[in-house]
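Input: a single structure, listed below in structure tokens.
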Amino acid sequence: MFINTHPTDRALRNAPPQKKRKTDLHDSREPHFQVGKAGLRDLSGTITHLLIHTGSPIFKSPDITKAWGSNTERLLRIEDHDFTMRPGFGGPAVPVGVDVQVESLDAISEVDMDFTMTLYLRHYWKDERLAFKSNHNQSMTFDSRLVKKIWVPDMFFVHSKRSFTHDTTTDNVMLRVYPDGKVLYSLRVTVTAMCSMDLSRFPLDTQTCSLEIESYAYTDDDLLLYWKEGNRSLNTDKGISLSQFLIQEFHTTTRLAFYSSTGWYNRLYINFTLRRHIFFFLLQTYFPATLMVMLSWVSFWIDRRAVPARVPLGITTVLTMSTIITGVNASMPRVSYIKAVDIYLWVSFVFVFLSVIEYAAVNYLSTLQERKERKLRERLPCTCGMAHPGMMSASYSEVDANTTGNYGIPEENGVKRERMLVQLAMESAQVTGHVGTSAYSNAWIDTHVIDKYSRVIFPGSYILFNIIYWSIYS
């Protein structure tokens with residue numbers, strides 16, 4: 001094949017060789033290598049290998065996690081098995097151990113009859129389909145992405161109202177697989193569950209609530225659910241505390257639950273006992289109620305004729321007790337039985353109400369007495385200027401209706417002594433012979449006696465009631 005060349009190129013090829021200058025980069029004595037493409041690839045691989053193993057900062061080791069999904073699935077042989085079926089399908093029930101770490105007990109509601117708990121729920125089982133070879137017998141830990149591709153126990157919370165798995169900053173789910181096929185599955189859950197409370201002793205009560213865990217689909221023939229280490233499977237943080245309750249005890253139990261349409265299921269119970277703090281209710285309910293009852297007793301020491309003082313005092317205490325009862329029941333469920341606090345408040349209300357009735361009786365009897373004395377004065381003869389035995393005053397004078405029973409008798413120690421009108425009638429009969437002793441023997445009723453007795457009976461009865469009440473409920 002003929003190739004046409006330029007005259008200049010031919011002249012250059014035919015020219016004699018010139019001497020090399022000292023400034024040339026290559027010595028003419030050095031051999032000249034010609035390397036093909038295959039040689040370049042081998043040389044590049046050799047240099048890269050040397051730089052990696054000598055720790056050169058220019059090159060880093062390749063990221064082996066770039067093909068995480070395919071490598072993990074090949075290692076665990078996920079595509080070789082049907083993980084919609086439980087481990088050992090057709091054989092004995094697969095044992096699934098459970099342990100729980102209670103992180104917090106957030107709220108207890110008497111109105112809704114429920115509680116809210118945050119916990120770490122961990123499952124342990126063995127699935128030989130996930131066994132893999134490992135030279136160092138090391139486990140592999142994964143997040144929630146692998147959980148969706150393998151079989152996991154289908155646990156749910158019985159009688160739960162609301163529940164969710166935490167997802168901040170990522171899903172709080174962990175899956176750890178060991179070379180022999182053992183699996184640890186852990187998740188962080190907050191659940192609000194029902195708690196049937198007996199409030200008959202409220203607020204001096206003790207409540208026991210339970211969080212129940214059960215498999216939704218697998219009966220005890222397919223899945224054996226158990227506490228991994230008995231009571232030691234339940235751990236609680238030391239900082240758990242509630243404002244209204246004292247946590248007395250946490251313990252675990254296991255039972256079988258029967259459903260008529262599906263069969264028997266293993267059910268795990270997390271039981272905890274709560275005792276209510278009484279101090280809050282003493283300040284907010286018991287002390288105010290007691291003070292209102294004691295305040296109602298003040299009217300027994302007020303003059304029965306001071307109507308503007310005794311009536312408002314009685315009405316105020318009654319209305320205050322009604323407000324206390326309404327406030328307590330507003331924060332409680334509408335149960336059909338009587339609570340301990342209801343007994344105390346309603347008995348206190350009765351004492352306050354009886355103090356008002358007591359003054360009504362005193363006032364009525366005082367009015368009745370005044371009428372009888374007025375009629376008696378009209379029938380008695382005038383004894384002006386006549387001295388009678390036993391009388392401290394020698395004259396009979398007209399008296400005001402508000403000073404019934406006082407006939408000019410002087411005060412002794414600041415207290416007016418009331419003379420019995422019957423005695424006056426009897427003495428007048430001895431002088432004039434106009435009035436018989438039997439006519440006015442029952443005309444006088446000392447209304448002060450009711451107040452005097454009330455000063456003793458009311459406090460004594462209320463103290464006795466408190467002794468009986470606190471001895472029964474405390």
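The backbone N, Cα and C atoms fix where each Cβ goes, and this holds for glycine too.
It should be emphasised that the depicted structure is a prediction, and the values quoted were computed from it without experimental measurement.
Checked against TrEMBL, the range among 85-103, 199-217, 313-331, 408-426 recorded as transmembrane segment is 313-331.
When averaged over the domain 'Neurotransmitter-gated ion-channel ligand-binding' (78-277), pLDDT in the model lands at 92. Helix, strand and coil content of the domain 'Neurotransmitter-gated ion-channel transmembrane' (285-397), in residues and according to DSSP, is 81 helix, 0 strand, 32 coil. Highest Cβ pair count under 8 Å relative to the transmembrane segment (278-301), across stretches 313-331, 343-365, 456-473: 343-365. Cβ atoms under 8 Å from those of the transmembrane segment (313-331) belong to residues 110-111, 285, 288-289, 292-293, 295-296, 298-299, 302, 341-342, 345-346, 348-349, 352-353, 355-356, 359 of the same chain, restricted to positions at least 6 beyond its ends.
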